[in-house]
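Following: one structure in structure tokens, then a few remarks.
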Amino acid sequence: MTGQPLLSVRGLTRDFRGFRAVDGVDLDVTAGSVHALVGPNGAGKTTLFNLLTGFLRPSGGRIALDGRDVTGLPPERMAQLGVARSFQITSLFPRLSAREHLELALQSGSGLGWRFWRSAKLLRRYRNRTEELLELVGLGAHADTTADVLAYGRKRALELAIALALEPKVLLLDEPTAGMGLEDVDRTVDLIGRVRDGRTVVLVEHNMSVVGRVADRVTVLRAGRVLVEGTYQEVRVDERVISAYLGTAATGVDDVAR
Amino acid sequence: MTERSRVVTPEVAAGAGASASASAERSAERPAERPARPPSVLGAVAGAPTWFRYALLAVGLGVALWLPNGLYPTVAVDIACWALFAVSVDLLLGFTGLLSFGHAAFWGTSAYVTGLVAIHAGAPFPVAVLGGALAAAALAAPIGYLAVRRTGIYFAMVTLAFAQMVYYVANEWRSVTRGENGLQGVPRELAGLDLTDEYYFYYAALPIVLAGLFAAWRIVNSPFGRVLVGIRDNPARARALGYPVHRYKLTVFVLSGFIAGLGGGLFAVGHRFVALDVLHWTTSGKAVIMVVLGGIGTLWGGLLGAAVLVRLEDWLSFSGFDTIGLVTGGIFVLVVLLFRRGIWGSVAALAQRLAAGRRRDS
């Protein structure tokens, strides 16, 4: 399994009206690894993320998933092929309960969604799996709470749960700790540690201490290009990375960006 | 009801999840302290106990059976037809988040096709109505295919534009539609029964109406309906979960066209006459007004809106009032400004508030 790139990107480029947000990015995500994308604001992380999940079409380059060319497929096809994502700004269904979120995610691959003549009670078949996933992310007590009244940290946990419900080959997390207090950040790091077993995770993250704790590989982006790729230990002392973040300074990035 | 809950900050809502003050804050929301039954996508009756829903259904059926005894039977037939039409619009507006402003195309096409089948083939009226509804669904496929690529006001405009095209085609195609004279003498044939009396025709038509309403209820409460609500609330998220949003919207658009067609076909047989105004844009508008008046996203609201509006229009025209549009338009504006949830939604919210209050006291 090791050394085999599950997600392979070559020369990926995206232009917005003359502005090149992502510029010839090469990226290999090894199966079973946690791969972080970091970089200063405007480095193209979120654009790259949207390209990988089909929400944007690339202007050039190739994306391969498990050896299959998936360049330019729409988001629903990417999801069906095993690329699940969370959103930077929490993106849920405000009037559905946590349980209904998971049922909606779990029925996605089954074709059940087309059965307009059947009762929604059919979804009870997902009860056990729903409970399992809610327990996993710590929402066991909130199964019947609608998403709009969940606390922020719990909304993020629910996001993660519905992404996991898709049984993805690759799980893409867009700033999973954005806007969180320290306590929630710790809980999320624990959570990522728990769900990464047997899964491949790509995450965009600003918080370098989070990156240091969860990531096996780190790709640093700057102005749409790959600046450095390596382990966290390699990257954090790299001169180019430090200057990208700070102009020029002598400290390690994690001491400042924390 | 999202309006109210958005005001509640997540911290407050979560920290005081079970406390009485928080539940008072979001009394319109299903209270969090009763997790016994999952909340339904049918927002307005979500908090109601099961027995209450059955009671509601019983009352609804009772009213449907009694209707032509309490009202002029012609009005009762009209209410039944418009109820189907309004529910078909609510399926899109309330459960998928699509405002169709061109549903007269399906109502009217079905009315014409039903009339033509009944006149030329002498088919029993249920067969003619089914034919009309299938024709409406067939028309909904290409229109929907192009319209679902747009959202919001653009979707409304595209549907309106297509409906206007259908209107002009019907106006010009006089050899078939008889232009402004309309189709006259649409027969009410059914197994040799004498249905000339509106009173008996109402009961002959009722099974079709109830079947159409049941279909709408089933669609909303199916796995498919769950996906629709997901698409309504957050289309990007639905796509990220692997749902092809356009195809779902197209499917519900066609289903909605079919149900609107059932109503339009019965309307043609009920009036024994099909005139061009079944395709007019004001007909589309009237269905939307009914849904808004009754309560968007409740299904029951469509029935209520149809009953209120048809009865009101009948009363106004009977009283010799000749600017009916002014009254219905005025009511529409009032509802939009003061009772955003419509009649059904407002009553349901009030009932939930009272129920929540009672629980706190005890």
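Heads up, the Cβ atoms here are built off N, Cα and C, so glycines get one too.
Annotated compositional bias 'Low complexity' per TrEMBL: B:10-25, in sequence order. Summarising the annotation, TrEMBL assigns compositional bias 'Basic and acidic residues' to B:26-36. The region 'Disordered' annotation in TrEMBL covers B:1-39. Residues or ranges marked as transmembrane segment in TrEMBL: B:51-68, B:75-95, B:127-147, B:153-170, B:200-220, B:250-275, B:287-309, B:315-339.
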Winner by Cβ pairs under 8 Å against the transmembrane segment (B:250-275), considering only B:75-95, B:200-220, B:287-309:
B:75-95
For the transmembrane segment (B:315-339), out of B:127-147, B:153-170, B:200-220, B:287-309, most C-beta pairs under 8 A are with B:287-309
The transmembrane segment (B:287-309): which same-chain residues, six or more beyond its ends, come within Cβ distance under 8 Å?
42-45, 56, 60, 79, 82-83, 85-90, 93-95, 99-101, 103-104, 107, 213, 216-217, 220, 260, 328, 331-332, 335-336, 341-346, 348
